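S.K.: Okay, so TrEMBL annotates it like this:
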- 23-287: domain 'NADH:quinone oxidoreductase/Mrp antiporter transmembrane' (DOMAIN)
- 289-341: domain 'NADH dehydrogenase subunit 2 C-terminal' (DOMAIN)
- 56-76: transmembrane segment (TRANSMEM)
- 96-114: transmembrane segment (TRANSMEM)
- 126-146: transmembrane segment (TRANSMEM)
- 152-170: transmembrane segment (TRANSMEM)
- 234-253: transmembrane segment (TRANSMEM)
- 273-293: transmembrane segment (TRANSMEM)
- 322-344: transmembrane segment (TRANSMEM)
Amino acid sequence: MNPYALSVLMSSLAIGTIATLSSAHWFLAWMGLEINTLAIIPLMTKTHHPRGTESATKYFLTQAAASGLILFSTTINAWTLGEWTITNLNPMPSTILTIALAMKLGIAPFHLWLPDVMQGLNLMTGLILSTWQKLAPMALLIMVSHQLNCNLLMLMGILSTIVGGWGGLNQVQMRKIMAYSSIAHLGWMIMILAFSPTLTILNLIIYIILTTSMFVMMINLYSTNINKLATSWLKTPTLSALMMITLMALGGLPPTSGFLPKWLIIQEMTKQHMSLMSTAMAMSALLSLFFYLRLSYAISLTTAPNMSNSNLTWRAQLKPMAAMPVIIILSLMLVPITPILLTII
């Protein structure tokens with residue numbers, strides 16, 4: 001892609017998200033979401049492949065439907081209350097808005113577009129879709145969290161964690177696995193949103209760090225499926241070992257950073273006398289952990305470290321990104337500074 005066109009598209013992505021984050025008016029927030037959607041579609045189609053075109057079409061149709069619902073709900077709200085302020089919502093518009101933002105994020109049961117769209121993208125665009133594109137809709141949900149329907153949020157949260165774990169069990173494509181991982185993590189965020197928006201923000205930050213770390217390592221190792229992942233040990237053993245630990249962090253195993261939000265969310269849910277729901281969430285996390293363990297097994301045990309059919313000097317071909325060490329360290333070692341993080345947020 002032309003560098004000038006790429007810079008315009010990336011700037012539009014940033015401007016759309018910042019416009020939504022800084023707005024106090026529903027129409028400006030909607031415009032920011034639209035700029036975001038329109039800016040990422042050319043990035044999806046830059047591969048000139050039918051799968052890329054299919055992904056862009058599915059993404060556009062889903063996001064257009066969600067944007068229509070957002071505009072519909074906010075117009076009803078403005079007609080009822082006489083104002084477009086984000087913080088004031090009636091019960092019916094808030095329910096429609098919750099469904100619309102769930103469609104934009106890919107929260108179950110509105111998740112079916114996300115794995116298919118992710119599979120048709122290259123890894124860098126998949127990284128943008130999994131991280132940056134979640135910021136604006138999640139910010140709107142956090143801003144109106146005190147006026148949303150708790151029962152609807154809890155239903156979508158528990159459904160997302162189960163679907164995210166169950167759907168990823170039988171996958172061999174890394175991008176689809178990361179899509180189901182995203183659905184499961186969004187379920188944890190939505191579940192606790194009505195009770196503690198601070199924990200939702202913390203979970204979102206750690207999810208973005210972990211997902212960025214995983215995608216950066218996949219880009220460096222050219223791993224798009226389990227078979228390619230199985231040969232990553234031949235390319236760089238150190239990075240493969242770090243990828244295994246990052247997968248454990250995504251699964252929420254202590255003492256990695258991924259354990260932190262799950263621990264705090266289950267603690268808060270127990271305080272709210274939701275022991276049954278917290279047990280169901282913890283059990284559904286085991287489903288996700290199973291396919292992360294499966295990927296770790298593929299990295300470490302399916303290929304012996306000293307076997308290679310290639311005659312090329314493979315180690316010199318790797319071009320690590322400058323930010324990769326920092327991202328990996330953050331994804332593994334945030335638990336000791338938990339009190340500082342909670343104080344800052």
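Every residue gets a Cβ built from N, Cα and C, even glycine.
Predicted automatically and left uncurated, TrEMBL annotations should be read as such.
Show me how these features fit into the structure around them.
M.R.: Over the domain 'NADH dehydrogenase subunit 2 C-terminal' (289-341), the average per-residue pLDDT in this prediction is 70.
Listed as Cβ neighbours of the transmembrane segment (56-76) (distance under 8 Å, sequence separation of 6 or more from its ends, same chain) are residues 26-27, 30, 33-34, 37, 40-41, 44-45, 84, 90, 92-94, 96-97, 99-101, 103-104, 113, 116-117, 120, 129.
Long-range contacts of the transmembrane segment (152-170) within its own chain (CB-CB distance under 8 A, at least 6 residues past either end) are made by residues 95, 98, 102, 107-109, 111, 115, 176-177, 180-194, 277, 280-281, 284-288, 290-291.
Packing against the transmembrane segment (322-344) from elsewhere in the chain are residues 198, 202, 206, 209-210, 212-213, 216-217, 220, 242, 245-246, 249, 254-260, 264: each is 6 or more residues past its ends and has a CB under 8 Å from a CB in it.
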S.K.: Excluding the flanking five residues on each side, which residues at least 6 beyond the ends of the transmembrane segment (126-146) place their CB within less than 8 Å of a CB in that stretch?
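M.R.: Beyond its ends, the transmembrane segment (126-146) has Cβ neighbours at 13, 16-17, 20-21, 29, 32-33, 36, 40, 43, 59, 86-87, 89, 94, 97-98, 101, 104-105, 117-118, 175, 178-179, 182, 186, 189-190, 193-194, 197, 200-201, 204, 208, 211-212, 215-216, 219.
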